[in-house]
Amino acid sequence: RMFHDDELEESEKFYVGQPRVLLLIYALYNTLVARSEMVCYFVIILNHMISASMITLVLPILIFLWAMLSVPRPSKRFWMTAIVYTEVAIVIKYFFQFGFFPWNKYVDYTKDKPYHPPNIIGIEKKEGYVHYDLVQLLALFFHRSILKCHGLWDEDEKGDNSSNKEDTDDELSLTGGRRDSSASLKSVNLAASVESIHVHFPEQQTAIRRKSSSSISQLSHSLYFLQCKLHVIKSHCGLCCFRTLQVYVPIRQFFYNLIHPDYSAVTDVYVLMFLADTVDFIIIVFGFWAFGKHSAAADITSSLSEDQVPEAFLVMVLIQFGTMVVDRALYLKKTVMGKVIFQVILVFGIHFWMFFILPGVTERKFSQNTVAQLWYFVKCVYFGLSAYQIRCGYPTRVLGNFLTKSYNYVNLFLFQGFRLVPFLTELRAVMDWVWTDTTLSLSSWICVEDIYAHIFILKCWRESEKRYPQPRGQKKKKVVKYGMGGMIIVLLICIVWFPLLFMSLIKSVAGITNKPLDVSITITLGGYQPIFTMSAQQSQLRDLDQTDFNAFLESYRGNTAALQFLEGYGKEDITLADLEGNSNSLWTISPPSRQKMIQGLLDISAEFTVVLSWTIQRTLEEVYPFYIKAPSDSLAKPIKQLLKGMYCKWENITVSLVKNVSDEGVREWWVLNQLGKRYKKSQESLELFIFSDKVSPPSLGFLAGYGIMGLYASVVLVIGKFVREFFSGISHSIMFEELPNVDRILKLCTDIFLVRETGELELEEDLYAKLIFLYRSPETMIKWTREKT
């Protein structure tokens with residue numbers, strides 16, 4: 001070894017010999033030290049999520065628009081600003097905790113009001129008002145100590161001392177690297193004299209920039225013009241202009257250096273930004289009720305099943321989707337300036353909406369909205385990634401899909417899953433065509449994308465065949481046959497029998513007992529005025545206990561049809577309705593109708609019907625059903641399986657007219673009595689057993705509501721169509737599927753992407769014509785896809 005030290009070697013041996021738990025603690029501490037800057041960001045954002053006030057709003061905005069955009073790291077000025085601001089915020093919160101302030105006398109009444117001024121400002125009186133601020137201050141001082149240990153804390157002061165000297169053009173031109181953000185913010189030297197204000201701008205460096213030298217000369221000219229204008233300010237408004245320029249000019253210079261850097265470490269984090277937006281999109285879909293009124297439904301499936309689209313859900317989805325489209329357009333155009341403007345608009349817009357508009361819409365504070373807090377935290381991750389993308393610059397070339405960088409099973413299945421998302425592939429292809437310079441038409445562009453996707457899939461399969469080769473003349477292994485074939489067999493069987501299994505389990509396992517709330521009986525003689533009306537509610541509807549249920553089953557022993565029917569019901573599904581025998585309404589009938597009804601009853605040869613109604617009106621062959629099935633729909637039917645045998649017949653009822661003569665007149669009502677009752681045999685009453693079918697849960701009602709035939713039509717037939725297309729028509733695609741080596745075709749597609757990015761549009765047309773000719777010529781395709789020798 002070039003360097004050897006016994007003490008260092010002994011120290012390394014001692015460190016390796018420590019327990020694993022202690023090594024884990026060391027590793028966690030080293031990670032904390034290495035990422036102390038991110039720890040400060042996290043604590044500041046967490047403090048703002050919990051406090052959600054104007055006092056804590058300032059630092060998160062400064063993080064996304066200053067600290068994370070600084071190169072190579074946030075300056076000392078930012079950290080001092082954060083430390084001082086946190087200390088001032090702690091003092092302000094402490095001062096307003098005293099009880100003599102008027103708003104502190106009614107804390108219990110105003111603590112949950114989102115638009116109460118002290119709540120918005122952050123000076124309300126509450127327990128633990130300063131805990132997170134102290135943690136935030138502790139994290140800031142910890143990061144400050146780390147910077148001091150590495151000699152990075154006073155780095156800006158050294159730069160300031162050197163910049164105070166007379167810098168010449170040669171010294172500035174020899175300065176290498178990209179400006180620090182602190183130098184950007186301090187590159188303006190404004191004299192304190194109001195009579196003569198002199199602004200000094202350093203000369204532009206001669207290092208190569210992404211923009212042409214003409215833009216630099218234009219900037220120098222504009223800055224010189226601004227310098228000349230500042231020389232002539234000698235009025236009372238000079239002080240205001242001076243203060244304004246002290247803020248405006250450094251900010252302008254900071255963002256200019258950000259958009260026009262000397263050098264840029266190009267990176268590509270668009271995929272991570274897209275994933276963050278996708279997570280936010282999922283949060284909106286499954287927690288959309290958190291962004292609307294409290295009366296909004298908590299389940300999106302129940303709202304959509306009722307053909308209702310909540311306004312909050314629609315607005316949030318459109319906004320989220322719109323930002324994803326704009327982000328994709330900026331990525332394809334590779335415009336850093338547009339990304340900076342979009343970042344500023346999003347940071348201010350989302351913070352204003354989340355902390356000032358949303359609490360009024362939801363009628364609760366942001367700190368009490370867990371879903372909104374989660375959405376905001378993921379959006380902060382997106383802001384951090386966007387700032388990193390701005391700071392490093394967009395890549396000069398965007399070639400293919402990010403999932404097509406490797407040829408393995410993971411990329412293959414992820415890419416195919418990406419293509420299965422409805423309209424996602426089409427939308428991406430159209431957006432790429434709109435915002436990319438190309439000579440191809442939209443149909444030609446889509447053709448290239450489809451060929452590239454197809455060739456990528458074939459390349460993945462060919463690479464897997466090379467990794468796991470199959471010797472000639474050897475039969476397939478059982479692991480492959482039973483693994484792949486068995487999985488396909490099980491999948492096909494599940495698809496075929498899924499509707500039956502689903503309809504059987506959805507009500508027996510996850511079904512909810514739907515007990516009746518009201519049971520009504522109406523009896524009519526020959527179509528005349530109803531003679532009997534009675535209903536049972538609450539205490540008149542009782543459940544069977546286990547003893548009664550066992551006795552009920554015992555009475556049907558030997559009756560196969562009845563027992564088969566009772567298999568699907570438990571004691572909780574049966575309700576006994578006890579209806580009074582006396583009608584709850586007087587019999588009001590006109591004298592002519594009464595006389596006709598009497599004549600009809602006296603005529604033995606005439607047909608006289610008795611109509612009994614419970615849910616719908618229907619004529620019964622017998623008189624009283626005794627057992628009624630209440631299915632999930634509105635049609636209640638008598639249970640014929642239980643209407644046979646001793647206790648299983650259609651029961652007869654006695655009907656008698658009661659007349660009461662009093663001073664108020666003659667009053668009549670009908671009294672009915674069931675002969676074959678199980679309970680209360682001595683009283684005049686009616687018994688009715690109601691068997692309630694279980695209903696599917698509300699979240700699955702939209703699927704179970706179609707029934708078995710509906711599920712077969714929508715699931716088996718539709719999926720079967722796609723499966724049939726997979727197993728049929730293979731012969732027509734042999735010349736495009738059975739390609740032994742696709743490297744040349746894949747390289748041709750990549751060359752098309754490359755020349756498009758470099759602006760060689762004529763060459764793009766030529767290569768596209770070559771690709772189309774290749775697919776038109778089977779002979780050429782065979783030559784191009786031969787194995788390399």
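For all residues, glycine too, the Cβ spot is worked out from N, Cα and C.
Automatic, uncurated: that is what TrEMBL annotation is.
Sequence annotations record features per position, and here TrEMBL assigns domain 'Piezo transmembrane helical unit' to 34-154. Secondary structure of the domain 'Piezo transmembrane helical unit' (34-154) per DSSP (helix as H, G, I; strand as E, B; remaining residues coil): 84 helix, 0 strand, 37 coil.
For 267-504, the entry in TrEMBL reads domain 'Piezo THU9 and anchor'.
Annotated domain 'Piezo non-specific cation channel cap' per TrEMBL: 619-787, in sequence order.
What TrEMBL records for 156-180 is region 'Disordered'.
Taken from TrEMBL, the feature transmembrane segment applies to 14-32 (among others).
The feature transmembrane segment is assigned by TrEMBL to 39-66 (among others). Within the same chain, residues 32, 74, 78, 81-82, 85-86, 89, 92-93, 119-123, 132-133, 135-136, 139-140, 142-143, 181, 254, 343-344, 347-348, 351, 355, 365-367, 373, 376-377, 380, 383-384, 386-387 sit at least 6 positions outside the transmembrane segment (39-66) and bring their C-beta atoms closer than 8 Å to a C-beta of that stretch.
According to TrEMBL, the feature transmembrane segment maps to 78-96 (among others).
Outside the transmembrane segment (269-292) by six or more residues, the chain places 298, 300, 310-313, 315-317, 320-321, 323-324, 327-328, 331, 358, 361-362, 369-372, 374-375, 378-379, 381-382, 385-386, 388-389, 402 with a CB less than 8 A from a CB of the stretch. Marked as transmembrane segment by TrEMBL: 269-292 (among others).
Per TrEMBL, transmembrane segment is recorded for 312-331 (among others).
Per TrEMBL, the feature transmembrane segment maps to 340-362 (among others). Within the same chain, residues 52, 57, 60-61, 64-65, 114-115, 120, 255, 258-259, 290-294, 312, 323, 326-327, 330, 369, 372, 376, 379, 383, 386-387, 390 sit at least 6 positions outside the transmembrane segment (340-362) and bring their C-beta atoms closer than 8 Å to a C-beta of that stretch.
Sequence-distant contacts of the transmembrane segment (374-394), counting only residues of its own chain at least 6 positions beyond either end whose CB sits under 8 Å from a CB of the stretch, comprise 41, 45, 49, 60, 64, 68-71, 210, 258, 261, 264-270, 272-273, 276-277, 279-280, 283-284, 287, 331, 334-336, 339-340, 343, 346-347, 350, 354, 366. Residues or ranges marked as transmembrane segment by TrEMBL: 374-394 (among others).
Per TrEMBL, transmembrane segment is recorded for 406-422 (among others). Cβ atoms under 8 Å from those of the transmembrane segment (406-422) belong to residues 453, 456-457, 459-461, 463-464 of the same chain, restricted to positions at least 6 beyond its ends.
Distant neighbours of the transmembrane segment (442-461): 400, 404, 407-409, 411-412, 415-416, 419, 425, 429-430, 432-433, 736-737, 739, 742-743, 745-746, 749, 752, 768, 771-772, 775; these residues of the same chain sit at least 6 beyond its ends, with a Cβ under 8 Å from one of its Cβ atoms. Look at TrEMBL and you will find 442-461 (among others) tagged as transmembrane segment.
Under the heading transmembrane segment, TrEMBL lists 482-506 (among others).
Taken from TrEMBL, the feature transmembrane segment applies to 700-723 (among others).
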Cβ contacts under 8 Å made by the transmembrane segment (312-331) with residues that lie 6+ beyond its boundaries: 270, 273-274, 277, 280-281, 284-285, 288-289, 291-293, 296, 300, 303, 338-339, 342, 346, 361, 394, 398, 428, 431, 434-435
Mean of pLDDT values spanning the domain 'Piezo non-specific cation channel cap' (619-787): 73
